[in-house]
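Per Swiss-Prot, the features are as follows:
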type    : residues                     : note
BINDING : 8, 9, 10, 11, 12, 13, 14, 15 : ATP binding site
BINDING : 56, 57, 58, 59               : GTP binding site
């Protein structure tokens, strides 16, 4: 089992790192007391091989010897990776002032500046024990996300899931679409009596549409558009992309185009799915 522990000063980016881990398939738990790690791993054994927890100052032991003992008591098959995120006092003070959030130690009747300094002192033992120390003072959320992915995967690229979904406009537009293309202007197999009862998944319909230069040109242009912008979407920490293709009824043209696009992009590094809303609804 792989375990990632994310610690650090409040406001340094622990939540950002945890979101990256969640996107990578980790089962994430925020602010788990260290003595409960063993119990958590035992509960998840066999069902989750990737686990990540974040630990803040409220859950840290006061002595570093206790911390070392707790980490040493992890199950022997645990592959541990640890991060400590830090920022300068000035940057942390600025971030808290901008977000107006309450610092975890502010309840002790101390000022924000004093709470930030106190937290740094309390977390110092942890900062010396971790595998990866990241100063986020000059990093934005995208830079930090890239660093975490680089450490865990050896690459800043994330696996983007692309869903090509066909639909019929007369049944309503999908609300989850990131891109939406209207193919109602393409030649319609519906007017061919032999093709009318078939769908875009059937070979006769596919052959009919494949013979249409306008159809092939449109598919090629969508493919080029997506290939141009996919790297930028990935850099923007996007995990899912839904491309909706709509025709009148969602039976012929949109199904064929969605299938063709899914085939073309399935040869790359992305996870690609084709979903046909109206066909699925007809089966239900």
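Yeah, the Cβs are placed from backbone N, Cα and C, and that goes for glycine too.
Feature annotations (Swiss-Prot) mapped to structure.
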residue	record	contacts (Cβ under 8 Å, 6+ apart)
8	ATP binding site	14, 83, 84, 85, 86, 123, 127, 134
9	ATP binding site	57, 85, 86, 87, 92, 116, 119, 120, 123
10	ATP binding site	56, 57, 92, 103, 104, 119
11	ATP binding site	87, 92, 95, 96, 99, 101, 103, 116
12	ATP binding site	85, 86, 87, 92, 136
13	ATP binding site	85, 87, 134, 136, 139, 141, 144
15	ATP binding site	30, 54
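Report note: the ATP site is defined by 8, 9, 10, 11, 12, 13, 14, 15, and the residues of the same chain whose CB lies within 8 Å of the CB centroid of those residues, excluding them, are 56, 85, 87, 136.
Using a 10 Å Cβ-Cβ cutoff, residue 57 (GTP binding site) registers 20 neighbours.
Of all the binding-site residues given, namely 14, 56, the one with the smallest number of surrounding CB atoms inside 10 A is 56.
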